[in-house]
Amino acid sequence: MVEIHLKNSKSRKVELLQPIEPGRVSLYLCGPTVYDRAHLGNARSAVVFDQLFRLLRHVYGAENVTFVRNFTDVDDKINARALAEGREIADLTAETSQWYLDDTRALGVLDPNHMPRATEYIAEMVAFIEDLIAKGFAYARDGHALFRVRSFDDYGKLSGRSVDDMIAGARVEVAPYKEDPMDFVLWKPSSDDIPGWDSPWGRGRPGWHIECSAMAHALLGEQFDIHGGGADLMFPHHENEVAQSCAAGHGFANIWMHNEMLQVEGKKMSKSLGNFFTVRDLLDQGVPGEVIRFVMLSTHYGKPMDWTEKKRAEAEATLRKWYAALRQSVAEQEATPHLVDSLADDLNTALAITTLHGMYETGNFGPLAGGLRLLGLWSGTVPDWSEIAEVDLTYFAGRFSSARAEAMVTKDFTDVDALKSALTAAGVEVRMSKDGVELVPGPTFDPAKLEDL
């Protein structure tokens with residue numbers, strides 16, 4: 001059997017995956033808080049751990065892998081959005097949960113074995129908290145239940161922090177119901193206008209951290225193999241998960257994996273910079289899901305990823321070539337051992353893609369198909385978008401070249417810009433270089449829009 005090695009955030013070392021139950025693997029991923037569309041950062045986490053899921057299924061067999069990815073459907077952000085839109089919370093979370101599934105499926109993300117919703121596990125959360133209080137790791141005060149951070153000696157080891165440093169260097173909520181500023185909320189009271197459930201501490205709702213611990217315990221048991229999530233969740237979310245779960249006597253996760261963050265054109269993605277994209281934004285712009293996935297897999301999960309227009313164009317061009325090769329009635333073969341070994345080496349998707357390039361260049365299209373399937377980029381049929389429209393753009397290329405040459409002399413690029421805008425609006429990619437102009441029909445190409453030209 002192939003040996004899989006993964007970077008464990010807890011030990012900061014690449015370790016051999018040794019399943020707790022030989023031959024069977026369990027995986028938990030922190031899923032979305034459902035109140036809006038999934039942005040590209042959310043999508044990276046979904047794609048990365050889907051790729052791990054696919055590798056585990058390939059090595060151990062689909063029936064021997066259990067993957068849990070939750071929906072957080074009780075949260076103050078959800079409450080605020082529902083209030084702002086005048087909607088029922090259940091309607092909002094149902095709609096946005098489906099959005100998430102639709103968008104991630106478009107990226108080739110398989111549905112996990114279990115997709116629990118936090119609201120379905122309130123009883124388990126209450127029981128979990130009661131156990132922590134009984135063991136002295138938590139306490140109740142003023143309708144709240146809180147975890148005593150200093151009672152757990154290993155607090156901070158996952159993220160590499162000490163409690164004293166955290167207090168000195170971070171803004172910590174100071175509240176009268178806390179014994180210590182570092183204590184975190186397990187349960188909090190709810191007013192009449194927001195969701196709440198009966199509990200020994202009064203009507204209220206769970207804190208974010210207890211949700212994942214309770215759902216992981218309910219579906220995977222006291223100890224499981226791998227816990228994943230974005231690097232931004234390591235502290236405080238994952239640190240708090242470790243504390244409350246281990247304090248309860250659960251071994252919790254053996255290996256912790258974290259994917260790094262995503263930026264756009266070299267800058268942090270933010271609405272203020274105007275570079276904030278949701279998955280749906282790109283799909284609606286005609287960017288195929290396979291292209292989005294390819295770009296994400298081109299960077300190792302442990303490194304920051306930069307989404308750029310250049311990478312998108314290169315990914316699309318590469319996939320068009322590969323799909324054209326597979327259109328030739330290729331007999332699909334298993335992914336090669338070399339490609340599987342690349343993925344088994346801390347999920348090195350970038351190396352796996354390099355291996356696929358080599359297969360294409362040497363005409364090994366059968367293994368290419370198998371490799372693309374393992375990477376979630378091939379389902380057995382060539383996607384329609386990859387077929388380049390049969391159209392002669394010679395006239396427009398000549399016209400653009402002439403206008404460009406004249407503009408280089410007159411320094412007036414008005415006609416060039418107008419023609420380029422019209423071509424782009426028609427779904428034509430304009431590629432300019434010192435060798436001339438190349439016009440390439442894109443996935444949204446509409447020849448009707450060229451008629452006025």
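Here the Cβ of each residue, glycine as well, is placed from N, Cα and C on the backbone.
Feature annotation (Swiss-Prot): of 10-20, 32-42, 87-97, the stretch labelled motif ''HIGH' region' is 32-42.
Record note: among 228-232, 268-272, 298-302, 268-272 is the stretch given as motif ''KMSKS' region' by Swiss-Prot.
Take the mean position of the Cβ atoms of Cys30, Cys212, His237, Glu241, the recorded Zn(2+) site; other residues of that chain with a Cβ within 8 Å of it are Trp208, His209, Glu211, Ser213, His227, Gly229, Leu233, His238, Asn240. Annotation for His237 (Zn(2+) binding site): same-chain Cβ neighbours under 8 Å, separated by at least 6 residues, are Cys30, Trp208, His209, Cys212, Gly229. In this structure, of the binding-site residues Cys30, Cys212, the smallest number of CB atoms within 10 A of the CB marks Cys30.
Reduced to three states, the DSSP call for Cys30 (Zn(2+) binding site) is coil. Around Glu241 (Zn(2+) binding site), the same-chain residues six or more apart in sequence whose CB sits under 8 Å from its CB are His209, Cys212, Ser213, Ala216, His227, Phe252, listed in sequence order.
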